[in-house]
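Asks: If you scroll down you'll find the structure; I have some questions about it.
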Amino acid sequence: MLMDDMGWGDLGVFGEPNKETPYLDQMAAEGMLFPDFYSANPLCSPSRAALLTGRLPIRNGFYTTNGHARNAYTPQNIVGGIPDEEILLPELLQKAGYKSKLVGKWHLGHQAKYLPLKHGFDEWFGAPNCHFGPYDNVHTPNIPVYRNEEMAGRYYQDFKIEKNGESNLTQLYTQEAVEFITRMHNKSKPFFLYWAVDATHEPLYASKPFLGTSNRGLYGDVVRELDSAVGKILASLRSLKIDNNTLVFFSSDNGGATYAKQHGGSNGPFLCGKETTFEGGMREPTIAWWPGHIKKGQVSHQVGSLMDLYTTFVDFAEVAMPTDRVIDGISLRASLLNNTNVQRPLFYYRGNQIMAVRKGSYKAHLWTWTNSIEEFKKGTNFCPGQDIAGVTTHNQTDHTSKPLLFHIGRDPGEKYPISPNTPEYKKEMPLLMKEIQNHMVLLVPATPQLNMCDEGVMNWAPAGCNKGQNKCYKGPPSKPYNCTWPH
């Protein structure tokens, strides 16, 4: 279960004061909480590519070289997508007889060759891009919603999102999940469900029964509906009596969108949010649930990553891991079953630049950057109320000669850099720099997929657009150009 832009601090179990997530809080009480769990990138597309490949975006191509340390993703004018040479999680699970379904947002490329059913998924109900819009279908087409290989309609035209935020999309995505689980159980087929709902990404949406019910406004309404949906999906596993044979992970693709203000999530005590490599940009609200296998009410301090889901699921499915490539994820089997921890480095990338590294409780920043002062002055603030001199910089600041060091156990908000003159700094910094050196020795960057844009490749005429009530539209001729990434 992968949320979109949900923050670490959005769940009651992580301290959200309104306590409006009873089903997720119960899931944590019945399972294992991972407070030190991360995405592989502070932005949607690269994070999702890393989850499904077990590899950092710099290795799987989901980055740009059009600018230094720039976040890039897959809007509908992007030319690239997930390369064929990448081996996605459902492709491996197929070898053990698993049927796989994606419900929700794909975001790994929208041209036909990049879509989910070309990369191991057997079924899909959802969209290739964010639900931005509505558009006029003249300058920009509305985003299609797919049923497997063909579109079933478009956002705003056939799948409504009203101006007040009302939409039944989360209800549809929940029904799709429960139907798939039930059908696979009835066929005695092992299954992998990737439930990638996107209601917490602007523009926010929730169904009518949830609108106006939260103390947190519309964003809280959305979180309450997603919490309820999680409850329904877990209840379906219980009713089918397969709960003790189903491993469930809940997490998010990146930190809460602090720049969205009251329409964005909470990152708890952490610094900044989405788009940044501070803790608020990449630390995720993560719960594992597997009755009868994971002991109830546990907290794991394993430093984990969404990339670990790849390795963990493959491990439990007893499928051989690819040996012709570097896999960055580790198996969490021992953490889940025995609550043991493995020391491992965690690398924070922004585009083509490694920005920071964590090992144990120490984190070193080689580079710092929030966003440009020009963007900041226009009102885009990735760190509202968190101006820390020399840390939340508006210039890309190179600290590699003397990296900033934080103990993120004592200082989770990254407010108090440890002085380079202290014995603590002199002991810990060489260890962290050694991890960077070891990482760089093995690093072979893939061809960047997020450099080129072209209005001619947008969702003008997806497969199935000429069927039923669907519509095909005529776009401009192809004219590729270098994408511009401001952040």
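Using the three backbone atoms N, Cα and C, a Cβ is placed for every residue, glycine included.
Look at TrEMBL and you will find 2-317 tagged as domain 'Sulfatase N-terminal'. If you look up TrEMBL, you'll see Asp4, Asp5, Cys44, Asp253, Asn254 marked as Ca(2+) binding site. Annotation source TrEMBL lists 3-oxoalanine (Cys) at Cys44. The active site, nucleophile feature in TrEMBL is assigned to Cys44. As annotated by TrEMBL, active site applies to His107. Sequence annotations record features per position, and here TrEMBL assigns N-linked glycosylation site to Asn168.
What's the neighbourhood like for these features in this structure?
Replies: Using a 10 Å Cβ-Cβ cutoff, Asp253 (Ca(2+) binding site) registers 30 neighbours.
Non-local neighbourhood of Cys44 (Ca(2+) binding site): Asp4, Asp5, Tyr73, Lys105, His107, Cys130, His201, Asp253, Asn254, each in the same chain, at least six residues away, with C-beta under 8 Å from its C-beta.
Neighbours of His107 (active site), defined as other CB atoms within 10 A of its CB across all chains, total 29.
Within the same chain, the residues at least 6 positions away from Asn168 (N-linked glycosylation site) whose Cβ sits under 8 Å from its Cβ are Lys160, Ser207, Lys208, listed in sequence order.
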Asks: Mean pLDDT across the domain 'Sulfatase N-terminal' (2-317), rounded to an integer, is what?
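Replies: The answer is 98, the mean pLDDT of the model over that range.
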